[in-house]
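Asker: Pasting a structure below so you can have a look.
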Amino acid sequence: MNKNSSSSEKKIVVLGGGTAGWLSAFLLQDYCRKQELSVGVTVIESSKIPMIGVGEGTTAIFKTFLDSFGLEEAEFLRETRGTIKYGIRHKDWRKLGHYYDGPIDDPHFLIPPVGEDGFEYLNSYCVAAGHSVSETHLFQILLSKGLAPVKAKKNQLISNHPFLHAYHIDNALVGQYLLKKSKGIRIVDGVVEEAIRDSETGHILSLKMDDGDLIEGDFFIDCSGFRRILIEKTLGNKWVDYSAELPVNRAMPFFLNHDTAKEIPTYTLAWAQKCGWMWQIPTQNRLGCGYVYCDEYCNPEQAQEEIESVLGHSIEPRQDLRFQVGRLKDSWRHNCVAVGLSAGFLEPLEATSIHSTLVQLILFAKEYLSAGLNGDYSGREDFNQRIAHQFDDFRTFLNIHYVSERRDTPFWEFVHQECLGEESIDRLQQWEKSLPKREHFHGFLSGLPHVETQLYFPVLDGLGLLSQVAARQEMSKRNLKRQAQEELKRLHSKYKEMTKGSLGHREYLLMVSA
């Protein structure tokens, strides 16, 4: 028996539920509807494969996603037990006892850069004056004070900022939420046993299920995670390994309870440890945590002992996973595109996973899907190059996080001696002479958000990698010191007015969850 919809419409089959699978189904169905394409979308997920919601962070593009589909933030937070995220706190990365924050708003939205090259003089001024770059960010204030993104005015909640914030989510609940919001998407509960391919073209024709049914499709989206059932096991693919630059290869997720006497954090905590680092992601009811470490320097038992020593109490690991960091050579092969973990995996630092998933989907839907559904795969090489570039840029960004003064353990000594990649070296050498500028980052994602100056400056500044001499030379050359001082003063005054009367984070979450 074939479980298919009308033969007159094209069929997209998404293998795998979870966040990546449901984002794929949701976005692609909406795009096809808006383009008046006759397309049916099927999601195959198995109730036999449970998903563990250990907490995950998004970037600001997820707020854009919610807004574009008219999905209300209050409902989303209530249904997913989500919280607000303004950035990431990096603890003990540069050296023990030191931390720095990476707020994700862009103050140059309010104070535009100057000159034809888009010189971001507020950043350069802070470096030249010896101030933290994060001082220019409104989100640094909201993050530090634990404030919500809204304030009460005349019995109404209004936004207190013009930027896009992000979220901390229970990823298992996000898939369920998107399922509720999806209309017309077919769901097949089962396990794929085999992919049937065309003997001449090699394209996938259908998926044979464990109950014998065939699910036919014109185009397939592989969201099967690390299993990569279609894009790798069926179609064959090469793996581009990042382990030389990203040294961790195991993850031990676990949960912690909130300290009810404290505000729920509005940031992800990335806390460097002896053999890697620990994440803490606050959802409404708990902290989703995990130790990401290198098993060449400790085994799972030692990793657990280390974390329990750091926290001062025992933990109950959900599991211990070994993973490969890297990407596929080709995210698109034949009539199949890999999305999310199927396309590649970077260690869970800087919320790259959901971000890259959304960017890949939006790019594919806007520029390639219509042709691909009709058997035109001429854009395949272009798409693959752009996605590879996206992953490679994130690899370099994360690699630079490991430029540390720490030498206190064999792991950190190894990182210092062996792990800095060529691209990272080139960038850091360039930025010793001239601070990061927009022209150093070439757009290749059709205007979709990517890692550029906005994200690099707080990290480089926090690690002490920005040249004060170069910053002073740039400010002197352009004679912008006085202007920067005045603009920063006005900006802080504006921030004070914006945040006046803001609700506390926990107060806001209780309000929207009532």
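Heads up, the Cβ atoms here are built off N, Cα and C, so glycines get one too.
As annotated in TrEMBL:
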type	residues	note
ACT_SITE	Lys85	active site
BINDING	Gly17, Gly18, Thr19, Ala20, Val192, Leu341, Glu350, Ile354	FAD binding site
BINDING	Lys85	7-chloro-L-tryptophan binding site
COILED	470-501	coiled coil
Asker: Mind telling me which of the binding-site residues Gly17, Gly18 has the densest Cβ neighbourhood, counting other Cβ atoms within 10 Å?
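Answerer: It comes out as Gly17.
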Asker: Give me the CA-CA distance between Gly18 (FAD binding site) and Lys85 (active site), in Å, as a whole number.
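Answerer: Cα-Cα distance, Gly18 (FAD binding site) to Lys85 (active site): 21 Å.
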Asker: Could you state, as a whole number of Å, the largest distance between Cα atoms of any two of Gly17, Gly18, Thr19, Ala20, Val192, Leu341, Glu350, Ile354, the listed FAD binders?
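Answerer: Across Gly17, Gly18, Thr19, Ala20, Val192, Leu341, Glu350, Ile354, the two farthest Cα atoms sit 33 Å apart.
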Asker: What whole-number Å value do you get for the CA-CA distance of Glu350 (FAD binding site) and Lys85 (active site)?
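Answerer: Here the two Cα atoms are 12 Å apart.
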Asker: Through the lens of DSSP with three states only, how would you label Ala20 (FAD binding site)?
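Answerer: Once the DSSP labels are grouped into three classes, Ala20 (FAD binding site) ends up as helix.
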Asker: How many other Cβ atoms sit within 10 Å of the Cβ of Ala20 (FAD binding site)?
Answerer: 30
Asker: Could you give the mean pLDDT over the coiled coil (470-501), rounded to a whole number?
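Answerer: Reported value for the coiled coil (470-501) is a mean pLDDT of 96.
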Asker: Rounded to a whole angstrom, what is the C-alpha distance between Thr19 (FAD binding site) and the residue listed as 'active site'?
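Answerer: Cα-Cα, rounded: 18 Å.
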Asker: Please report the Cα separation of Ala20 (FAD binding site) and Lys85 (active site) in Å, rounded to an integer.
Answerer: 20
Asker: Which of these binding-site residues is closest to Lys85 (active site) if you go by CA atoms: Gly17, Val192, Leu341, Ile354?
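Answerer: For Lys85 (active site), the closest Cα among Gly17, Val192, Leu341, Ile354 is found at Ile354.
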Asker: As a test of the contact definition, list every same-chain residue at least 6 positions from Val192 (FAD binding site) whose Cβ is closer than 8 Å to its Cβ.
Answerer: Leu15, Ile44, Leu207, Lys208, Met209, Asp210, Ile229
